[in-house]
């Protein structure tokens, strides 16, 4: 899994939006400590979380499974652009046979869970897909036999309020292990000066 932060809204935009309510612009410091305190107090402590929606983040997320992607898609107020299997499954056509037990080779296309029986079943499904792609079957039809562990990538834009919800729910040990890793990786990818907005959302119970 690889996370790249492509864009983030400056804190000064959020503080300006917040100060609009009280017309207290003269008290701002262009995203400095005064503005950070205001954002934390109004958005987090006073729970006026709509002010946090002025902050947007765009991440490039690579190497998550389609199973994890389904979990991500359940979250509202996000804008995902996902790698299309319709146009990209042809990447498998020139591959050699994927053999049971060859986890290193299969991991180029699959997210492996560490359970040998499950991972070998995923490799078998990957090989079945590769075989089908050798035939004159359209990618639109062939993709129906994609294993859930097949790697994908997406560009995801999400506002701070929604990201708080995502991190709060998905960093919990009760979440799917892969999306738990994703939630923590998204937090780590944030600009250091933005992390104060999300620190209280992180679960500390990860083993």
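Each residue, glycine too, has its Cβ placed from N, Cα and C.
If you check Swiss-Prot, you get these features:
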type	residues	note
ACT_SITE	170	active site, involved in ionization of N3 of dUMP, leading to its activation
BINDING	50, 74, 75, 76, 159, 160, 161, 165	FAD binding site
BINDING	71, 72, 73, 74, 84, 85, 86, 143, 170	dUMP binding site
DOMAIN	1-204	domain 'ThyX'
MOTIF	74-84	motif 'ThyX motif'
All-chain count of other Cβ atoms within 10 Å of residue 71 (dUMP binding site): 19
Rounded inter-Cα distance in Å - residue 84 (dUMP binding site), residue 160 (FAD binding site): 27
DSSP-assigned states of the motif 'ThyX motif' (74-84) in counts, ordered helix, strand, coil: 0 helix, 5 strand, 6 coil
Contact set, same chain, for the motif 'ThyX motif' (74-84): CB under 8 Å, 6 or more residues outside the stretch: 53, 152-159, 161-162, 165-166
Sparsest Cβ surroundings (other CB atoms within 10 Å) among the binding-site residues 76, 86: 76
Cα-Cα distance, maximum over 50, 74, 75, 76, 159, 160, 161, 165, record's FAD binders, Å: 20
All-chain count of other Cβ atoms within 10 Å of residue 159 (FAD binding site): 19
Binding-site residues listed as 84, 165, least Cβ neighbours within 10 Å: 84
Greatest C-beta neighbour count within 10 angstroms, which of the recorded positions 75, 170: 170
Site with most surrounding Cβ atoms, counting all protein chains shown within 10 Å, from the binding-site residues 73, 160: 160
Cβ-Cβ distance under 8 Å to residue 74 (FAD binding site), same chain, at least six residues away: none
